[in-house]
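Under the heading domain 'Alanyl-transfer RNA synthetases family profile', TrEMBL lists 35-809. The feature Zn(2+) binding site is assigned by TrEMBL to HIS649, HIS653, CYS766, HIS770.
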Amino acid sequence: MATAGPARAGGLLQRLPPAAWRCGPRRARSATACPPAAQVRQAFLRFFQEQHGHRLVPSAPVRPRGDPGLLFVNAGMNQFKPIFLGTAHPQSELVQYQRVVNSQKCVRAGGKHNDLDDVGRDVYHHTFFEMLGNWSFGDYFKEKACGMAWELLTQVYEISKDRLYVTYFGGDALLGLSPDEESRDIWLSLGVPPSHVLPFPLKENFWEMGETGPCGPCTEIHYDHVGGGRHAAALVNQDNPDVVEIWNLVFMQYSREVDGSLRSLPQHHVDTGMGLERLVTVLQSKHSNYDTDLFTPILDAIHKSTLPPLKHLLSCSPLHRAAGALVTRAWWGGADIGSVNMAYRVVADHVRTLSVCIADGVYPGMSGAELVLRRILRRAVRFCTEVLHAPPGFLASLVPAVVEVLGDAYPELRKNTDQIMTIINDNEAAFLSSLLRGRRIIDRTLQQIGPSKFFPTEVAWSLHGNLGFPLDLIDLMVEEKGIQLDWATLGQLAQKDAEQSHEQLEGSVARLDVHSLAQLQRDGVPATDDSPKYAYTIGQDGKYAFSFCQATVLMLYKDHSLQKEVGAGQRCGVLLDRTNFYAEQGGQAHDQGYLMRLGQQDVLFPVESVHFSGGYVIHEVTTPETLRAGDQVQLFVAEAHRLACMVNHTATHLLSFALRRVLGDRTEQQGSHVTAEQLRFDFSTKAPVTTQQLREVEGVIQEMVERNETVYMGEVPLALASGVQGLRTIDEVYPDPVRVVSVGVPIESALTLNSQAAMQTSVELCCGTHLLQTGAMQDLTIISERQLVKGISQIIAVTREQAKQPLAAECLCLPDSGLLLRMFYF
Ligand SMILES: Nc1ncnc2c1ncn2[C@@H]1O[C@H](COP(=O)(O)OP(=O)(O)OP(=O)(O)O)[C@@H](O)[C@H]1O
Ligand SMILES: [Zn+2]
């Protein structure tokens with residue numbers, strides 16, 4: 001399909017005032033005539049949705065779903081990763097996506113994409129930003145993608161063409177990759193002058209998802225903020241604030257293999273991302289993102305309540321940036337004008353990030369994304385207090401300004417404003433008091449070490465780990481006394497930490513890669529029939545009988561490839577036509593057990609883990625003997641372990657219901673994890689939970705257990721289930737049809753229109769395995785309840801015999817983590 005002409009583009013924006021788009025850099029600069037950011041965002045979405053048949057998909061929360069390698073959602077493509085990897089559930093909506101458009105909340109403040117250090121120093125990198133993107137999943141490719149991008153920028157947004165430069169992949173001899181001449185020629189054919197079409201090497205113009213996985217050449221669009229007929233090609237990709245990348249179009253056509261080689265992907269995809277803040281800066285004829293209406297209300301709010309004057313704030317010349325870089329090391333001792341400007345930018349940026357993260361359920365904490373958020377908060381607090389001399393509570397007071405800017409696009413901010421402010425205030429108070437404590441520890445240590453060049457590494461590491469002190473802050477504090485941190489040793493410790501968490505992540509996982517998944521689909525291998533996991537009954541005596549399951553080995557998976565045979569002593573994934581093993585998902589631990597080859601009763605193949613990927617269940621085993629495709633196996637699930645998981649999973653549903661009953665309807669589940677030993681349940685609550693309330697919660701559960709209520713389970717269309725009032729869902733992507741679990745009320749009654757059942761008992765969307773009657777739970781005891789942060793609590797509970805045992809009194813102290821911990825002794 002040819003790209004739409006100007007007439008259609010004009011039609012697209014017909015509801016926008018014509019003047020709104022007439023403030024390009026070469027036109028009159030009038031703040032009022034500039035398109036507000038909201039219109040810019042809207043025009044992007046409408047262009048792809050209405051003119052080019054894309055489906056509008058809402059922004060995913062910034063807390064990643066099912067991607068343990070990722071701290072925050074950092075690009076629009078994250079939520080579509082299962083499509084690129086081929087792991088999307090065959091019954092999920094994802095597999096139907098062909099053309100998609102969205103505006104994604106992104107955080108780049110840790111992990112691979114970490115722009116934290118640039119924030120405040122330049123005027124176009126933020127820790128939180130919005131990425132506008134359009135996607136093709138096996139649909140259009142390079143020509144249409146470039147054509148639409150060019151049309152949007154030059155005809156709809158009316159950006160002058162002579163300010164735009166495009167880059168393409170210039171090839172890589174080592175990898176044997178030729179230049180992406182296809183993209184180059186497309187740009188030329190669109191009328192971009194050859195002097196504006198520039199080749200760049202792998203580093204700039206080849207995009208990779210990670211060390212392995214989908215990748216491909218990209219083509220980027222850069223904008224020259226100076227213009228005036230100059231030729232700025234030499235400034236492209238030079239980190240020059242005058243010539244900035246605005247849009248990146250990635251063409252996913254390869255996958256990087258473990259051995260470093262590249263293989264063609266089964267399907268070619270387009271993944272694009274344009275920073276809204278940078279685009280709005282261009283369209284509002286500004287030079288700095290902080291000068292646009294995405295930031296000015298926040299900067300005004302800072303200005304109104306702080307003493308230092310707002311000077312040169314919005315223009316960040318290279319000179320200013322250099323000054324900014326210098327003062328970061330100096331401002332601890334006192335403020336200067338450069339750091340005031342930087343402080344405004346840092347605080348405005350960080351309060352946006354904090355607001356968005358907290359609204360999406362990431363709270364400042366002790367590890368992973370939570371820890372990163374805590375550092376962001378502490379960095380913001382330091383700038384507020386040390387540079388802007390703002391009183392406690394100042395940072396949180398900026399949240400309404402953030403909500404004013406972003407609340408229409410992301411209503412969750414409006415919904416959670418109070419909670420965001422409370423959490424920021426609580427954490428600020430904890431930090432300020434730990435600053436005092438840290439200062440005392442540092443002073444005492446300095447007195448004790450006598451004449452020494454270095455500050456003791458173990459003290460610094462512990463201040464860093466336990467009190468959340470940034471190492472550079474400790475460095476500045478000891479530097480005043482002429483002492484240094486031993487950065488070499490600290491670097492080794494940090495490296496060790498990173499390696500450990502990497503190993504934990506990579507360790508046990510047996511997941512099918514994109515090629516194997518595509519090959520299985522190509523070969524017509526059906527998704528694993530795992531319905532036997534639900535095949536169990538309960539006898540008169542209340543005992544559970546699990547049905548027997550026999551299956552055929554369809555394929556083995558080892559060294560990232562599908563194999564027909566695996567020799568003895570090898571660790572591999574076993575793909576069967578059917579299984580009764582529960583694969584780790586939905587917060588429930590995977591089953592344990594073993595496989596046995598038919599007719600060979602003396603050789604057990606213990607199952608170490610069970611994973612689910614693209615509809616296939618993979619059993620991870622270390623083979624005691626050769627295993628081949630076609631072998632018949634019997635499956636033995638460890639029944640006691642499975643039953644314990646079932647008890648605890650059903651208990652989790654009852655707990656969720658009972659908490660809502662006792663604490664009110666606004667109690668929302670934030671996360672849960674069910675193992676055979678215990679259950680963990682995180683939930684939001686307005687006020688701290690009292691001991692009395694916890695006893696009531698246990699009482700509600702006890703009644704449901706004593707009534708030995710039937711647990712009804714069944715599959716229903718997702719649309720039907722999600723419309724039910726009071727139904728418990730968590731922000732997960734559910735398959736369609738979806739499984740519903742209802743306690744005491746048959747599914748049909750629970751889901752009828754106007755049914756109050758979901759308000760009066762536990763009705764949840766859930767794929768877990770559950771008891772058939774609540775009686776087997778016997779008892780439930782909450783063994784700990786603690787507040788993770790104000791507004792979010794975590795309960796750990798045990799059931800059956802364990803619930804009846806008296807607990808040993810134990811006192812847990814967390815070093816100044818801002819956590820309130822309570823243990824209950826029964
Ligand atoms: N930290 C950020 N703050 C604001 N916008 C960003 C940031 N990082 C990326 N973007 C925007 O998202 C688009 C796509 O992201 P991509 O990963 O290609 O950027 P990038 O190559 O990291 O950008 P840069 O090289 O400028 O840091 C960019 O073209 C830019 O407009
Ligand atoms: Zn569940």
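A Cβ is built for glycine as well, from the same backbone N, Cα and C atoms used for every other residue.
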Taking the recorded Zn(2+) site as HIS649, HIS653, CYS766, HIS770, identify the other residues of that chain whose CB atom sits within 8 Å of the mean position of the site's CB atoms, giving them in sequence order.
GLN588, MET646, THR650, THR652, VAL711, VAL741, GLU764, GLY768, THR769
Going by DSSP, is HIS653 (Zn(2+) binding site) sitting in a helix, a strand, or coil?
helix
For HIS649 (Zn(2+) binding site), what is the tally of other C-beta atoms lying within 10 angstroms of its C-beta?
24
For CYS766 (Zn(2+) binding site), what is the tally of other C-beta atoms lying within 10 angstroms of its C-beta?
26
Highest CB neighbour count within 10 A among the binding-site residues HIS653, HIS770?
HIS653
